[in-house]
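Written out below as structure tokens is the structure these notes cover.
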């Protein structure tokens, strides 16, 4: 049978045994990839600095997903939070990876068994002796089992009743840890940033799935609905399954890109909107103001800012700064962060405090402009020196650092002041090691960006797949060339040409 590449799946169209086999093999491939990828990431992951070189800076993709589900320890003796562990237990990162690989092997063997032993009694209609599947019944079984898994995850794993809980953090991604979560049954449960909603929604959705599954197991679909929705056609199953998958892909692309309790910034990096809105900058200034209100000096107030919080307020951690075709981790772009230099405060010769305008997300270059607290431009780095009025030299701008490695250091040399003004466009200033990884200095996206791009793209492709297969199954008679006005029962293969006008017509 000379099938073109895009038609090869017809070999399992009317073969339930081998249809099952290829799906088990697909599960083997997915699970095997997950386990192998986890082992690869663990081989290259450096857990030594969870603050300035976290997993998302290193381009880890599957480690964050394991961590958000409660895995924090490694058989290598390290913990994701930076400490050491002596007894990580079986469910470490390596344990989960190994379990996926073992499961993949078992699925591989099961797929081979079902390919060889395809002609099983269970797949045959006892009335006709031909292969057939009771698709509404199978739908009920799968819905029931999915409901049980969903309910179990929400009621046991997330709540810590039987399981570790999930990763929970504060709004600024500073205090994250794995902990049990109580279900949120009030209106707050609909807030995408409330972890309790994860537990309550899984419990509710699981309960609904169990009830719906039992309904579909006990109630047969009406004949008109069965025929109208082509419930006897396996391509209907394909079409509706693709719909479920593309819908889920669109949803998770949104929760990843815009942020939610399911995508903590400690595991996936900050979102672009946190840079756009000055989210971390506002929190830093609030903390400094509180420190000054407690009679701390400016230097002491800035020194109390956690390095982790300052690092979030750096444009290099913005997932929208990476180009679409710039492969590699963030560390391969601007380098490995070594330390926070401190917060630079610029002043003109009249003593006014000046603020550097920050670079918007979608700019590669941006003019260096310093404004006062009222937003009036007081200094800049001019493009044309001949026409400049606000140059650093003319205005006499100086810079002094507070907190960080350069705490208390000040510069009045114009070249140095301009250097730090340029770097202030990018947020807080960090020392970056570009030599170790031969980093090229061009920003990369975080796993947050890659996940969103991948899932949004595949969701769009799968959307078209749903339309394609849905149309094929709904209009199968039209595509097959059968005259819709034909009132005789025509059997495929009985006549030389289906829809031939010489075919005898008789009322059904």
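Placed from the backbone N, Cα and C atoms, the Cβ positions cover glycine too.
Quantities reported herein were computed from a predicted structural model and do not represent experimental measurements.
Range with Swiss-Prot annotation transmembrane segment, chosen from 21-36, 37-52, is 21-36. Of the listed segments 101-115, 116-130, 161-175, Swiss-Prot assigns transmembrane segment to 101-115. As a quick check, the transmembrane segment (203-218) and the transmembrane segment (140-156) clear the bar of 3 or more Cβ pairs under 8 A, pairs 6 or more apart, so the two touch. Residues 12, 62, 96-101, 103-105, 107-108, 110-112, 114-115, 118 of the same chain sit 6 or more residues outside the transmembrane segment (21-36) yet have a Cβ under 8 Å from a Cβ within it.
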